[in-house]
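What follows is a short report on a single structure.
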Amino acid sequence: MPGEQQAEEEEEEEMQEEMVLLVKGEEEEGEEKYEVVKLKIPVDNKEVASQMPAPSADPARPHACPDCGRAFARRSTLAKHARTHTGERPFACTECGRCFSQKSALTKHGRTHTGERPYQCPECDKRFSAASNLRQHRRRHTGEKPYACAHCGRRFAQSSNYAQHLRVHTGEKPYACPDCGRAFGGSSCLARHRRTHTGERPYACADCGTRFAQSSALAKHRRVHTGEKPHRCAVCGRRFGHRSNLAEHARTHTGERPYPCTECGRRFRLSSHFIRHRRAHMRRRLYICAGCGRDFKLPASATAATPTERCPECEGS
């Protein structure tokens, strides 16, 4: 197993390559300790910063970054950190040519080619290629959620999930769809959205072969085969496979009819009933003129019982 120093270097690279996010109580060797130090998400090789703190006056960390103010105990650590601003990536993989800003990151990346997984979970024996991945995995066993949102108090086990959640409060959406321009707060949300353009359906049902673009859609579909109905009505106890079906059913108890018809004022409990009703209005009010062949509608005051076979233009000629 790699030494403790190598594990610390890989954890530092994990933060610098993918996300720089320190929460109060966490501290890496030689780095300033902040409640929220910095959030760095790769968006077209640009940096997105959030809640940038003022540097500490701690004499134990005299080397401050001129770009963001973060302080370090060693000049060499500052030099490594500076690459997050300059974009310099001097360490190249001999297998695929991919470049990295830290040597430890190249070492960790090399395991994707060799298949080496030196970090093993003592709980379930699952193995990982990076110490940080093992540390995140172990929180599934311990239930630890060290990342707390200062806005709503919600806690997260992974810094990446916490960073994405913060954008709910800030409104930041750095991931834009190249096809339609729609922006998203997380890369995973963008990846799911892009399937609406590509038509990709990577999730297949093992029972019937039906494919889905979203894993959540597959999970819902599976209930057709398993008969699972996890959503229970609190009033009558009836169970449903989908939350939307439960919401529609609940209106039989509350009497709510949220879909009003603008033509006649009648209200409906289900959207499907409302749509069917609207089509009935359209059929009654749409006619083909016997004179010119164009379709036309009757005035709102007219009824289906007194239609005319000619449009107003032909009728007046």
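Cβ atoms are placed via backbone N, Cα and C, with glycine included.
Annotated by Swiss-Prot as zinc finger, the relevant range among 147-169, 285-307 is 147-169. Zinc finger is the annotation Swiss-Prot gives to one range among 27-49, 119-141, and that range is 119-141.
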